[in-house]
Amino acid sequence: MDAAAEMQKVVSLRRGGGGSSSRGAASMWWSADNGVFSRSRASSSGEDGEDDEEALRWAALEKLPTYDRVRRAVLPVVEEGGGGGEAGKKVVDVLSLGPQERRALLERLVRVAEDDNERFLLKLKERIDRVGIDIPTIEVRFEHLEAEAEVRVGNSGLPTVLNSMTNKLEGAANALGILPNKKQTMPILHDVSGIVKPRRMTLLLGPPGSGKTTLLLALAGRLGKDIKFSGQVTYNGHQMEDFVPQRTAAYISQHDLHIGEMTVRETLSFSARCQGVGSRFDMLTELSRREKAANIKPDADIDAFMKASAMEGQETNLITDYILKILGLDICADTMVGDDMVRGISGGQRKRVTTGEMLVGPANALFMDEISTGLDSSTTFQIVKSLRQAIHILGGTAVISLLQPAPETYDLFDDIILLSDGQIVYQGPREGVLEFFELMGFKCPERKGVADFLQEVTSRKDQKQYWMQHDKPYRYVPVKDFASAFQSFHTGKSIANELATPFDKSKNHPAALTTSRYGVSAMELLKANIDREFLLMKRNSFVYIFRACQLMVVSAIAMTVFFRTKMHRDSVTDGVIFMGALFFSVMMIMFNGLSELPLTIFKLPVFFKQRDLLFFPAWTYTIPSWILKIPMSFIEVGGFVFMSYYVIGFDPSAGRFFKQYLLMLAINQMAAALFRFVGGAARNMIVANVFGSFMLLIFMVLGGFILVREKVKKWWIWGYWISPMMYAQNAISVNEFLGHSWDKVLNNSLSNETLGVQALRSRGVFPEAKWYWIGFGALLGFIMLFNGLFTLALTYLKPYGKSQPSVSEEELKEKQANINGNVLDVDTMASSTNLAIVDNTETSSEIADNSQPTQRGMVLPFAPLSLTFDNIKYSVDMPQEMKAHGIVEDRLELLKGVSGSFRPGVLTALMGVSGAGKTTLMDVLAGRKTGGYIEGNITISGYPKKQETFARVSGYCEQNDIHSPQVTVSESLLFSAWLRLPKDVDSNTRKMFIEEVMELVELKPLRDALVGLPGVNGLSTEQRKRLTIAVELVANPSIIFMDEPTSGLDARAAAIVMRTVRNTVDTGRTVVCTIHQPSIDIFEAFDELFLMKRGGEEIYVGPLGHQSSELIKYFEGIKGVSRIKDGYNPATWMLEVSTISQEQALGVDFCDIYRKSELFQRNKALIQELSTPPPGSSELYFPTKYSLSFLNQCLACLWKMHLSYWRNPPYNAIRLFFTTVIALLFGTIFWDLGGKTGKSQDLFNAMGSMYSAVLFIGVLNSQSVQPVVSVERTVFYRERAAGMYSAFPYAFGQVAIEFPYTLVQSIIYGIIVYSMIGFKWTAAKFFWYLFFMFFTFLYFTFYGMMAVGLTPSYHVASIVSSAFYGIWNLFSGFIIPRPKVPIWWRWYCWICPVAWTLYGLVASQFGDIMTPMDDGTPVKIFVENYFDFKHSWLGVVAVVIVAFTMLFAFLFGFAIMKLNFQKR
C-alpha cells in the first residue's frame, strides 16, 4: 500500500474526529495523574521462552499496515479466577478492551498515583522524544486588559416588585434613547498584562472580588457579553478569531454543575466521548511510523495505553479510568454524583468531578478556578502535584486559582500572579515575590504561609501588621502604588520587554491550536447524547411509571364518571356530554405533558455548561430528548385509551378505536414538545410554570369547546386556527360522532341530519370526515414546530440570567479609589467603619494575650456559662445496606462515651478526620438532633441541661449558611434580635446592640446588601459566614457553637471570620468551633483543642500552648510518633500522625493512651468541678418558652414575609403581570358574552370564562407559590431550632402575606373581566364575583402551600398536587354537570372546591334572571335544572368557599408544626 493511500485510510479511521488539537492529546489526557512504571519494566524482561513468543507477536504486528497497527497492542493474558497471574501474551484490538483488561493495564502502569504517576509520564515522554516528535505547546499573552460591568448603585438595585417594573421600563427607555442610563460602571480589571508560559505552573492569588474569575474567563475566551472588555489575548501569537479557544483551552468553573442521576464514571466518560481525542491519533500514527522505520520496539504497556487513549468513539475510555485514579475518584467511580434530591458523593468529590470532566479532554491550556473548595489539604496537594507533573513533562500550560493553598501546595507552583482590585500587583517566579514586598516595606512573618500573606498584604485592614520599616511611620500603600512599583521591579521589566517582542509564529506547532468546532463527528455526538438520555430515562423510570399510573387512575375515574350505562344517545344534550368526555380526555393527555417542564429545566444548567464548552451542538441534545420519549407515549396513552374507550361507550368500531389511539399519541407528543419548548425558552421554573399555564390556557380557551367557533370574535379567530387543541378536539369529535352509533335521525328533528352531525354543529365542529386527517396532520406539524423551536431556543439563548448586580455607593467609591490610588478618608471608607477592629490587627495570639473581656463590654449584659458533658454516647438504627453486608447489630454507635468541658473566654477547636463525629457531637450538645439515641450527662454551669431554656442562651452557626434570601443584612439581624432578645430590651438599645455586632463582624458596609441565594446572587460565601455568626450573636448568647466557620473561604476571609470569633470569645462567651484543615495562624488562634478519631472517640483534650507547644509535647511523647519539622503546620502534623494507619503501624490506640494519661485525669477533675453549681447560683429559668409573646411573634414573622414578598418579582410581579394579561385576553375573547342568555350555549360560553379563569389562574397560583414556600421552610427549620418562634406564627406570616397580593390580583382580574365580558352591573353581582374570585385564588394558593408542607420537597409537592387538578377539573360541573354525574361519584362534587366556586359564580350571575330563553324556559329554571345551581344557596356556598380556604391554611400550619423533613 503506498504512503498516501495508507494515510488516507488512517484519516478515515478517525471518523470525523477533531481536526488539529494535537497538543490536546499529548498534554491533557496525560494531564491527570497516575503514573506507574514500576511493573511495566518487569513485564518486558520475562523468561526467554516468553521473550521469543512476544518477539514473534511484535514482528507480526510490525508487518501490519499503519491503519491496523495503531489499533492493536500486545497485552498479557490475565488468568481467570482472579489470581492475577499472567498466562502468556496476546495481540488485542484496543477498541475492545474490557473493564478488567483496562483495570489490569492501569494497575501495571500506575499502581499508586502518588508514587508512580511521574515515572509513567516520563516513560511516555521518553517514547515520544526517542523518535524526535515535538509536543505542541501554548504560550498565552495578555496585554492591557480592561473589564468593567454596569451596576445599579444603592437601593435601586434591590429586586423589589416596584424596582423590577421601573428598571424594566427604564431599560426600554435607555434603549430608545429617551432617558439617560442611570447605571454606573464598576471596574473589574484595569490595565492587566502578562505572559503565561508552557511547562510552568502558575498560581493565581487575590482577595475575593479582585477579578480572578474574570481574568481566567478572559484568558480562556469565555467572557460574557454583559462585561465590557478591551485589550488582547493571544495564543502563540494568534488572535482568538484564528482558532477555537473553547476547545484549545479548558476553563474549569468554580461551580459544580452535574447531572445527579449519573455516576462519576458515566459523567467523565460522556465528557471524554464528546471532547474526542484531539491530536492523539495523529501523533500516534506518526510515532508508529517513525518507530517502524527506526526499528524501535516500544514498551508494550505504554504502547497499549497510548493506542487505547487515541481511539475515538469509545463509550468508556482508558483516559477516564486514568483521570479517576489520579483525582482519587476511583473509590466512588460507580457512585451517583447526586444533587438536592439524590444522595451522592461528597462536596469535595463533586469538586474533583468538575476538574476531571475537563481533564479527560484534549485541551492544551488549563484555566482552573478555585478547584480546591471543600478538599482537605492533602487531596489538594496530590491533585496539584499530578497536574504539575503533567504540565512539566508533557508541556502543558496552566493557571490555577486556589483559595487557601497550604505551604506545601504553594511550593509546587513555578509562577505567581497576584491580583488585587483588578490590577496585577506581582507576576513572575514564586521565589521573587517576597523580595518584591520587602522592597515595598512589608515582610511575611515566620509562622505564616506565604499565600496567606500575599492575600492580606494589599488589604486596607490587614496591611499594617506586615509593615517592617519601623523607623518610618506606616501609611497605607494602595494597590495602584504596588502595581506601578512592580513595573520598575526587575521581574516586571523583563515581562514588559518580552511583551514588546512579538511571538515568533514560525515556532507555533500546527497541532497546538484547534480549529475544528467539535471534538468528534456530529453522528458520534448524537449517539453519545442518545446513550445518555436513555440512561437518564432508566434512572428516572419512577417519574415515567408514576406518570403512566397517574393517567390510568384518571382514566379509571373518567370511565366511571362517564359510565356507558349512564351515557345515552337520545338528544344533542347527550352529545354534549360525550363531547365533554372527549374534551376531558384530550385535556388530561395535554396536562400529562406538563411533567416535561421540570425534567427539562433541571437538566438545563448542565446543558448550557456543556454547550458553551462546545461538547456538542444543541440539536444533538434535543433530538434524543424527543425521539426516546415516543415509546413512553405508546405506553401512557395506550393505558388511558384501552381502559376507557369501551367502558365509556364510544363508537364500538375497531377502526375508530385505533384512530382515537393514534390521535391521542399525536396529542401527547405535541404536548410534550410544547412544554419542552416552554422549559427551554423560560429556563426558570417559576417563569416556566406561569408561561406553560398561559400557553395551555390560550390553547384550551380557543380550542372550540369552552367557546364555540361561531362565538369567537373576529379579532381572535386567528387564535382559533393556530390552537393545537382545536385540531385535536375537532379530529377526535369527528372520529366519534360520524360513527354508526350516531347515524340515527331524531323524530322531532327539523332536518335530515344525523344526531352525530347535529351534535357536532351545536359545538361549532366541522362535520366532515376529512377533519380527522386535517387534525392529525396539523398535530404532526405542531410536533415538528415545537421541537424545532426547542432546538432553536437551546441553540441561541443564554442560561437564565442572574439578578442584576447592585453595589453600595461606599463599595463602588472604594473600588474606584483603589484603582486610582486615592486614599479614602475614614468617614467614607466602607471597610473601616469599625476602627476598633482595624487597630486590632495583631496576630491572634497577641489578641489572646492582651484581651480584657470587659474592655469590649457589649451594650447588653449576659451571664457567662460553662458547659460540661460526661460519657456522651450517640447511636442510630443500623442502616439496611450495612445489615445486608452481614452486620448483625441493631444500632450503629457514632459517639463512644466522649467527655469534656467548654468554658467562658476559652476558644475551643473541635477537630478530627472526616467521619470522626465532630458535627454529631456538636448537634448532640446543642440539642439539634431530630433522631437517634443519646446517653450521658450534659450540664450548664452545674445544672442539668434543659433544651427549652438552653436554646435561649445558646447560638448555633450551621455549616450551610441558611437565611431568607430576599431580606438585607441589617433586616436579618433585626429579625433575629427582635425575636431572641428579652422583651424588656427597648428598641433603641436593640438597635445599638445590632450596630455593635455589625461592627464586631465587619458587616457595616454590607448593611443594605441583599442576602440572596448561595451561588446565585447576593452575598459571597465569606460574607454569608459572617452573617451567620452575626445572626447568632445578636441573640446575646452565652454559649456559641460554630460548624466549619472557615470552610470554602480564602485565607483573608478566613482570617476575618476568625477575628470575629476571637472578638466574640474575648467578650467572655463560651465558643466551640469544628474546623477542617486550618492554616497555622488560624489554628493557633484557638486556646484549647478537642481532637477526635474516626469512630467517635477523643484522643486529645487540652490546651494548645504557645505555638502549639503543649499539643506537640503530648504527641511527641508517644513512642514512635515522628517529630514535627520546623515551620510545619501543627494541625496538619497532628492529623497525619494520629491516623488509623499510623495507629496500626505503631501498634497503639491513641484513645487508650489519652485515657491513661495525666491530662485525662485533669480533665475529669475539671468536669467534676464544673458539674457542681457554684454557691449562690441558681438554675437557668425563663417564665415563657419564647422571649416574645405569641402576638409579637406573629407580627415579626409577618414583617419578614412582607419584605420577602415585596422583593420577589419572579413570583409576585410575574403573577400580577400574567393576571392582567389573562384578564385582557379573556375580556377580548369573551367580549360582551356575559349579557347574552338566549341559548344554552351562551350560558356555557359565559361559564367557560369563569371555569378557565378559576382553573388556570388557580393552578398558576398553586404551582408558583411552592418553590417560594420551600426555600423559606429550610430557613424556618433553623430559626425554630434556635427557639426564635413557634411554628404557628411562621405559618400565620406565610398565610397572611398572601391576602393583600391575592386581593390585588382578584381586583385587577375582576374589574377588567367583569366590565369587558359585560355581566350585569349591579353592586351585589359585582361583589359576589369579586368575593368568589378572591377566595378561589386564595384557596388554590393555600393548597399549593399545604402540598409543600406535607411533602419533603417542592418537586414531590408539584407532582402530588397536580394529581388533584385533573380530578377537580372533571368534577367542576363544566365538563359534566352535577345531575349527570353517576350517583357513586356525586359525593365528590360536594367536596370539590372548584365545583363550589362555579356554583357561586354561575348562581350569583344567572341564578336570579327570569328572562325566558329562546325555547321559553326562564334562565333561572334552566340553571336549576341543568346545573342544579340555586340562587338561594349563595350564602351556604360563600361559607363553604371560606371554609376550604381556612382548611388548606390550617393544614399548612399543622404540617409545618408536626412534620419535620430535616434529617439530622
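For all residues, glycine too, the Cβ spot is worked out from N, Cα and C.
Listed ranges 1-26, 209-234, 911-936; the one Swiss-Prot annotates as region 'Disordered' is 1-26. Within 8 A of the CB centroid of the ATP 1 site residues GLY206, PRO207, PRO208, GLY209, SER210, GLY211, LYS212, THR213, the other residues of that chain are LEU419, SER420. When the binding-site residues GLY206, PRO207, PRO208 are compared by the number of other CB atoms within 10 angstroms of each CB, PRO208 has the fewest.
Taken as a whole, the domain 'ABC transporter 1' (173-446) shows an average pLDDT of 90 in this prediction. Across the structure, GLY211 (ATP 1 binding site) and SER914 (ATP 2 binding site) place their CA atoms 33 angstrom apart. Taking residue pairs at least 6 apart in sequence, the transmembrane segment (686-706) and the transmembrane segment (1213-1233) share three or more C-beta contacts under 8 angstroms. Annotation for GLY912 (ATP 2 binding site): same-chain Cβ neighbours under 8 Å, separated by at least 6 residues, are LYS918, LEU1091, MET1092, LYS1093, ARG1094. Only sequence-distant pairs (6 or more apart) were considered; of these, fewer than three Cβ pairs between the transmembrane segment (1243-1263) and the transmembrane segment (774-794) are under 8 A, so the stretches are not in contact. The Cβ of SER914 has fewer other Cβ atoms within 10 Å than any other of the binding-site residues THR213, SER914. Counting Cβ pairs closer than 8 Å to the transmembrane segment (542-562), the top stretch among 575-595, 686-706, 774-794, 1356-1376, 1387-1407 is 575-595.
For the pair LYS212 (ATP 1 binding site) and THR919 (ATP 2 binding site), the Cα-Cα distance reads 33 Å.
Mapped onto three states, the DSSP output places GLY912 (ATP 2 binding site) in strand. Taking every listed stretch (662-682, 686-706, 774-794, 1326-1346, 1387-1407) in turn, the largest tally of C-beta pairs under 8 A with the transmembrane segment (1356-1376) is reached by 1387-1407.
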